[in-house]
Structure formats: structure tokens, C-alpha cells
């Protein structure tokens, strides 16, 4: 009609379509704003996790006896539970990485290519990891007598190159101790495409797809039950022991797939329930230590209640239109979340070398301020000159593999910021 009608027809049609077009543009803009808000909240959650872990280590490594087991005051118990930021990291990984696979399994989008997935994961993790590994050796190898510095034998260093440090009692939790979690993460990255093959063979119904992460969760609990009475640190630092945390993140991704944003009341209810679960887990674990409980329940269930609570918080961050996530969307916290990988890799070596040089105050708060001041510039540089270029390069390479159609879409959309999942 627009092509072949009269001038009056075209005028009438144009007028009738104008409000609709403006409404559509407005709806698109609002949807984009909601997506940006959700991405910021996820980055804020990552920033909160990194800040929590950094504060925990500022408490731990300023103690005369660098041991998390020795707690005397109420403040000691509270600071120790900041370790739960690590659990939040695992839940976030399960959520972010399973989202595209969950959507594919439910028929909402094509399955992510395994080659593209592995290249992007490698680009995201490896360059910054290897740089921090070299930096840790340079900073700490001559500081063996410093409280908190635990070095592996030189012949065990190759294990760190292949993320195998958790498999040997002589290297696990040595050098840069937080790196043990990277070995767990990388194992999870390698497992995920295999799990996706199973999910894609199952019916698309959400309740059926939930069997996949629930199966991983059950296997993880079984593993922790099997090792609960053992004395080796190794079995508790492998992927099966942490699978329940990843699985809860995966369940969250599945639960949100294809759903509309959460209503305000639902978002606040989930947020409150999540925070109560995290607090309850912290109190339960603290009580177990204070009462010197010998129950295996703490080793079997570990921090599963906190992980469930964090999963609810992540659901609100990713599934609401902003309700209840104002704190997570604070710009400083979002910015900290963007550089959180570098923060995680570098803060302990910097803290320990400061103690080795006699520069570290042996009180938690001033030590926290100092290590924050030391770590943020290093982490920002890692993001600017190592991590983001690697992410961009991997994105360009994998898009070329997909063909010209995707390249055209990329040129139309622009490069933009890496997504929360990429970060």
C-alpha cells in the first residue's frame, strides 16, 4: 500500500504508523536499559565477591599465626565468613556459562560451538593467569620465611602451567593460594560442553532439563560424603567437591531462561530469602567451629545453604528490572567487578610481599586499605592491556569462523563492551 497507493493513502498510513513506531522504539530502548541494568548488577555481584575475598585475606594474612582455624573474637568469626565470596564466584560461573547452553537445550538459540567456547574461555582466563603466575614467582620466591608465604618445590611449578596444582599435596594452596580455584574453574569449563551434549539429548521441558544440574549437585554432595572422613586436602579442592555451587548457578540460568523480568515483590522476596540463607550458613559454620563440633555435616554440605542464597541473589540481579539491586549497580562496585579477575589473581601476592618488606600493617582495616590501593592499579592494568585485548581478539577470531553474516551483524552493532559473561 505504501508503494502503490495514492499520496493521501501514504500520508494516512504514515500518520497511523508513527505512534506505533515511536512506541516500538521506546519499548526497545527500555528493554536495552533493563539489559544494561542486569549486566551491571551481575558485574556488581562479581565486585562484591572480590571485595569480600580481599577483606578475608586482609584479615587472615595480618595474623601472627596465619591460620583461618584460629578464631578468638566475634570479629574473627565475622571476618572469616567473608570467605563466602568464593562461593558466590562459583555460583556466578555456573550461571553465566550455562545460560547459552540452557537456552540451546530448550530450543531458544543455537548451541554454542565447542571450539568457539573453548577459545573464548581460554582467552579470558589464560593470559592474565600466566602473567600473575610469573609475577607471584618473582615477588614471593625469595620470601619463604615470611608468615603466610607457602612455596611449592621448584619441580612442582609445571603443575601450575596446566592447572594441576590441586592434584598434588605439595602444590595445592601454595604460591598464590587463591589460584587453586582457577584449577577448579578450568576443570568446570572443560566439563561443561560434555554436560551440554547430555542436556541437548533430553526433552526441552524445564523440569526435565533441571535433572542435569540436579544430577551434578547430587554427585557433588555424594563426593563430599565420601571424603568427609579423609585427611587429604587434595580431594576437597577438586571440581567434584565444588560441583554443588556451580550446579545451583546452572539451575538459576535454567529457571530464568525465557521468562519475563521478575516483579518487584518477587524480587524483594527472593533477595531477602537469599540473604537469610547466606547469613544462616555463616552462623551455622561459625557455631560449628565455636562448639568444636565433630559432625561430618559441615564437610558434606559445606556451604550449600550460602550457595543457594547466592543463587537467589543472582536470580534477582539477572532476572529483575532493577528492583532490589541498587547496591549491586553502584558504579564503583560495577567497576571493581570489571577488574575482579585481576584483583583475585594479584591481591594475595601483593599483600604477602608487603608483609615481607615490613610495609603491611598487622591490623585488618589498614591492611585492607593498603592491599586495595596496591591491587586496583595492577588489576586495572591487567584488564586494560591483557584481559580485554585477549577477549576482543578471541571474539573477532570466533566470529570470523561463523561466516560473513555474523561479521556484518557485528559491524552494525559495533564492538561495545564485553558482556558480563565474557568478563
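Glycine residues also receive a Cβ, built from the backbone N, Cα and C atoms like all the rest.
Per TrEMBL, the feature compositional bias 'Polar residues' maps to 8-19.
Positions annotated as compositional bias 'Low complexity' by TrEMBL: 20-30 (among others).
Under the heading compositional bias 'Low complexity', TrEMBL lists 404-423 (among others).
Per TrEMBL, the feature domain 'Acyltransferase 3' maps to 40-382.
The feature region 'Disordered' is assigned by TrEMBL to 1-30 (among others).
As annotated by TrEMBL, region 'Disordered' applies to 402-423 (among others).
Residues or ranges marked as transmembrane segment in TrEMBL: 44-62 (among others). Sequence-distant contacts of the transmembrane segment (44-62) (same chain, six or more residues past either end, CB-CB distance under 8 Å): 68, 76, 79-80, 82-86, 88-89, 92, 147-148, 178, 313-314, 317, 325, 327-330, 333-338, 340, 343-344, 347-348, 351-352, 355, 360-365, 367-368, 371-372, 375, 420, 423.
Positions annotated as transmembrane segment by TrEMBL: 82-105 (among others).
Tertiary neighbourhood of the transmembrane segment (126-144): same-chain residues 151, 157, 160-161, 175-176, 179, 182, 341-342, 345-346, 349-350, 352-353, 356, 382, 386-387, 390, selected by CB-CB distance under 8 Å and a gap of 6+ residues from either end. The feature transmembrane segment is assigned by TrEMBL to 126-144 (among others).
The transmembrane segment annotation in TrEMBL covers 179-200 (among others).
Residues 94, 98, 102, 105-106, 195, 198-199, 235-236, 240-244, 246-248, 250-251, 254, 296, 299-302, 304 of the same chain sit 6 or more residues outside the transmembrane segment (207-225) yet have a Cβ under 8 Å from a Cβ within it. Annotated transmembrane segment per TrEMBL: 207-225 (among others), in sequence order.
With a cut-off of 8 Å between Cβ atoms, the residues of this chain six or more beyond the transmembrane segment (237-256) that come close are 87, 90-96, 98-99, 102, 106, 166-167, 172-173, 180, 183-184, 187-188, 191, 206, 209-210, 212-214, 216-217, 219-221, 223-224, 227, 302-304, 307-308, 310-312, 314-315, 318-319. Summarising the annotation, TrEMBL assigns transmembrane segment to 237-256 (among others).
What TrEMBL records for 268-286 (among others) is transmembrane segment. For the transmembrane segment (268-286), same-chain residues at least 6 beyond its ends with a Cβ under 8 Å from one of its own Cβ atoms are 77, 80-81, 84, 262, 298, 303-306, 308-313, 315-316, 323-324.
Counting residues 6+ beyond its ends, the transmembrane segment (306-328) has Cβ neighbours under 8 Å at 34, 37-38, 40-42, 44-45, 48, 84, 87-88, 90-92, 95, 244-245, 248-249, 251-252, 255-256, 259, 261-264, 267-268, 270-271, 273-282, 334 in the same chain. If you look up TrEMBL, you'll see 306-328 (among others) marked as transmembrane segment.
According to TrEMBL, the feature transmembrane segment maps to 333-353 (among others). Away from its own ends, the transmembrane segment (333-353) comes close to residues 40, 42-51, 53-54, 57-58, 61, 89, 124, 128-129, 132, 135-136, 139-140, 143, 146, 148-149, 176-179, 327, 360, 367, 371, 374-376, 378-383, 387, 423 of its chain (Cβ-Cβ under 8 Å, at least six residues beyond either end).
Beyond the ends of the transmembrane segment (365-386), by six or more residues, the same chain brings 54-55, 57-59, 61-62, 127-128, 131-132, 336, 338-343, 345-347, 350-351, 354, 359 to within a C-beta distance below 8 angstroms of the stretch. Look at TrEMBL and you will find 365-386 (among others) tagged as transmembrane segment.
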